[in-house]
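The signal peptide annotation in Swiss-Prot covers 1-19, and the record cites experimental evidence as its basis. What Swiss-Prot lists as active site, proton acceptor is 34. As annotated by Swiss-Prot, active site, proton donor applies to 200. Annotation comment: Swiss-Prot describes 295 as N-linked glycosylation site, evidence class sequence analysis.
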């Protein structure tokens, strides 16, 4: 989640794009940004984590809601000694060996002084979280990447974290067998050589024989003060590979490290700037793409962002919503 100011001086809405389903129903507290979604193993309660308010989160009996506020995951902020440690970003939630892991980012807009932290809980109830501080995944102006927007995946017996935003875009690092810290150095998965290299928010999901690398492209934020030119707002793309560690290509065969990327979801109807996505394999619905978006009938401020979700059809070999 990296904010850029658009050069556009007049607000321009994205052209309507036909063919996308509207977001699924949502009731209760539906405002979110960079959502992270999981269902509790013990009772099936859904939890939705969000950027802001030291990782705010809500819970519900259904993905449709009604979502009710739980509070802040880390009400005292992060122990990571960086600017932004009281304004945490981009939560990614997983269930690992009986614990719920939430990776989060500490940074400030436009800065590479960033780090990825970890908090854990047995129940996800308010007040139950332990902050473990930095995972060792960090960046500074000396790096060619920005260590934000974490995403954990377990593949072929190894945990990996995918991360990155702008600069050289999306990276991956293998984690230790208990994924609290990086195990080795990182390497590039996706890069857009054009313009401002506007790719971030990666999320990897395995389906069938492929690993799908979803990511957000374009301008994420600040639409109420500087509307991007049509098509430059947030949208969701994907590449795929038979390996979790590289060789990702789009549906045309273009490498994801060379600007490749197949469109999954973009502005349409009352949906503007969808992004900050993840994928959850729901026991009732199957694979679900979840994300935040601006509902054009509500507003364009960052605080107006809504929780969106759609079921995914993989029958063509590529995700369709």
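A Cβ is built for glycine as well, from the same backbone N, Cα and C atoms used for every other residue.
Locations of recorded Swiss-Prot features on the structure.
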{"residue": "34", "record": "active site, proton acceptor", "DSSP class": "coil"}
{"residue": "200", "record": "active site, proton donor", "DSSP class": "strand"}
{"residue": "295", "record": "N-linked glycosylation site", "DSSP class": "strand"}
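Of all Cβ atoms in the protein chains displayed, 17 besides its own lie within 10 Å of the Cβ of residue 295 (N-linked glycosylation site).
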